[in-house]
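Copied from Swiss-Prot, the annotated features are:
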type     : residues              : note
DOMAIN   : 29-167                : domain 'N-acetylmuramoyl-L-alanine amidase'
BINDING  : His34, His154, Asp164 : Zn(2+) binding site
ACT_SITE : Glu116                : active site, proton acceptor
SITE     : Lys162                : site 'Transition state stabilizer'
Amino acid sequence: MLPDKGWLVEARRVPSPHYDCRPDDEKPSLLVVHNISLPPGEFGGPWIDALFTGTIDPDAHPFFAEIAHLRVSAHCLIRRDGEIVQYVPFDKRAWHAGVSNYQGRERCNDFSIGIELEGTDTLAYTDAQYQQLAAVTRTLIASYPAIADNMTGHCNITPDRKTDPGPAFDWPRFRALVALSSHKEMT
């Protein structure tokens, strides 16, 4: 799963136009976990790809009319079945965090990687999603070691606006999978 010029080899690539360059000499040092479902609470359709590529049809669902104007992206999406979709290379700045602050640092998009989990705040995430998120995180830590100590939810960097990944996300389970996997690789 090693990155190929910022792309995961095993991910399905759906390049987004919604990204730009990070500030000079800025390497990713933060992982931000998000959730998304389009329409809200529905899974498996083409709508997340459409949102992140700027091609969502505002007439396809009433909710889409509210979001069709957005220019947003994440680096990756992990679907319910564990499929990884990548929209933006990791060395580029995806537009996932918005107005944000992490430990006193503003503009989290400048120094973070955003990974979306297909889901909602209150529905349990799947085992496949945890396994893939841990695998991607290990890969990221190998290239960007500071991420090991800086993993958070969207809700923690934008607490007045966002709630994801929500109470359904099992942080201890995720951190244990990352640690267990990292330990296996060292032995």
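Just so it is clear, glycine is given a Cβ too, placed from its N, Cα and C backbone atoms.
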Please classify the secondary structure at His154 (Zn(2+) binding site) using three-state DSSP.
helix
Per-region confidence, the domain 'N-acetylmuramoyl-L-alanine amidase' (29-167) (mean pLDDT, whole number):
98
His154 (Zn(2+) binding site): tally of other CB atoms within 10 A of its CB:
26
So, by DSSP, how many helix, strand and coil residues make up the domain 'N-acetylmuramoyl-L-alanine amidase' (29-167)?
41 helix, 30 strand, 68 coil
In the structure shown, which of the recorded positions Glu116, Asp164 has the fewest other Cβ atoms within 10 Å?
Asp164
Cβ-based neighbourhood (8 Å from the centroid) of the Zn(2+) site, residues His34, His154, Asp164 excluded:
Val32, Val33, Asn35, Ile36, Gly114, Glu116, Gly153, Cys155, Lys162, Thr163, Pro165
